[in-house]
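What follows is a short report on a single structure.
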Amino acid sequence: MSMSPMSAASSSQLAVARSTVIVSLTGFFLESLLCGALLVVFGTGVWTLLWKTWPYGRSRRDLTLFAASAAMFIIVIAHIGIDGHILVASGILRGADLTSLSHNISALNAPSQLGYLKFTIYVLQTLIADGFMIYRAFMVWTGSWRAISLPLFLYTSSFALGVAIIILDTLPVSLAKLHICQRTYFSMTLLTNVLATVLVMKPLLVSRRGVREYRPKGSQLRTVRWRVMESILQSAAVFTISSLCFTVTTFVSPLGVSFSHYFFPPVVALIFTLTVWRICLASGDPPVPPLHLPLEVNPNAPCHSPYGPGAHARSQSCPSLRTTDREAEYDLEEQSCCSHSGRTTVQPIAIQVSVSTTKTFDGELERASLIWLDRESAKVDPIHDVMTLADTAAELPTVILIPPETGA
């Protein structure tokens, strides 16, 4: 039995209404969870900065990043407030039927209603996130304006276009023209984010001193270069995926755009806050004691060896260390002279050996590398120097020779 055209249209409208309500409720639920996580991360970061880290000093860059993170947090809280208001005003608490609930949700999300506020929040969030990525590229390329000229041009152009779209939302403009402007805006933001990410990653992928070898994630000997690249990818990939999803869904599905508005603002804010806290906490940590040299010998110990301080002590107390024939002959002569003259031979009584692994230096090395990515003077290659120090400290044991006090 064939279905009548009216019943077919009714079933199709019912399916669309069901999809709209499911997307809205699921998106709001995920947005609530992510905003809760953002609240915990932001509160913990603020407490750590104000009471534990910033008493040791703070820079203007840290204050700027803190203000950007606070603005991102306020934007996301306003966004979830608007989404909650839309659901309540649609009649979800009054027990409205599925069709009227879907109609009210779509009407309130329209550009002429509260939709322009949600798009305004997205424009402001993109302004902060893309500006942060371009800033990192500017620092990595040692303050070169030429390197960031193209993404900076796209950045300013997309912001101007976003402001124009916000103004058009309040005017009686056809939806077709408005959708064309939105698609252009999302495409420009995607291109801006991709270019900024490539500029940040290129000095790490192709170093002036050669690319270090890759080590698996489970190994403690992973290079600093790979850890820094991994952390940047984790933050930059979220911004790029967000722009990509908005760009694709504007061409494919209005429901996809609606779900992206629920899901990605808190995700972008969460990743941005984690990245900013990581940089601020790294630059504000209290001073750490200097690292020990691979071989430390007490310079006050009496030693007359022509092979430098500690040569006799090394041959006496560490037979596993290789000595030359001349050093052995000198040791025998010195012992003979000491026995005839009555002098007390220097005999080390304690040797402390500690073998350091790269796990001990992971925090310091990664902090130094992340600071290098964002500091204003990056004309040298500090990552290579820090990696060389880590390799040296990981491969060579630390030997400390403590000689006793000589008799009178």
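Placement of Cβ uses the backbone N, Cα and C atoms for every residue, glycine included.
Since the structure is predicted, the reported quantities are computational estimates derived from the model, not experimental observations.
Positions annotated as transmembrane segment by TrEMBL: 29-51 (among others).
According to TrEMBL, the transmembrane segment annotation covers 63-82 (among others).
TrEMBL lists 119-138 (among others) with the feature transmembrane segment.
For 150-173 (among others), the entry in TrEMBL reads transmembrane segment. Same-chain residues lying 6 or more positions outside the transmembrane segment (150-173) and placing a CB less than 8 Å from one of its CB atoms are 111-112, 115-116, 119-120, 123, 126-127, 130-131, 134, 137, 181-182, 184-185, 188-189, 191-192, 195-196, 199.
The annotation transmembrane segment is assigned in TrEMBL to 185-205 (among others).
Look at TrEMBL and you will find 232-256 (among others) tagged as transmembrane segment.
Per TrEMBL, transmembrane segment is recorded for 262-281 (among others). Counting same-chain residues at least six beyond the ends of the transmembrane segment (262-281), those with a Cβ under 8 angstroms from any Cβ of the stretch are 23-24, 26-28, 30-31, 34-35, 37-38, 41-42, 45, 48-49, 53, 58, 62, 65-66, 68-69, 72-73, 75-76, 79-80, 83, 121-122, 125, 128-129, 132, 231, 234-235, 238-239, 242, 245-246, 370-371, 374.
With a cut-off of 8 Å between Cβ atoms, the residues of this chain six or more beyond the transmembrane segment (63-82) that come close are 28, 31-32, 35, 38, 42, 45, 49, 114, 117-118, 121, 124-125, 128-129, 131-132, 265-266, 268-269, 272-273, 276-277, 279-280.
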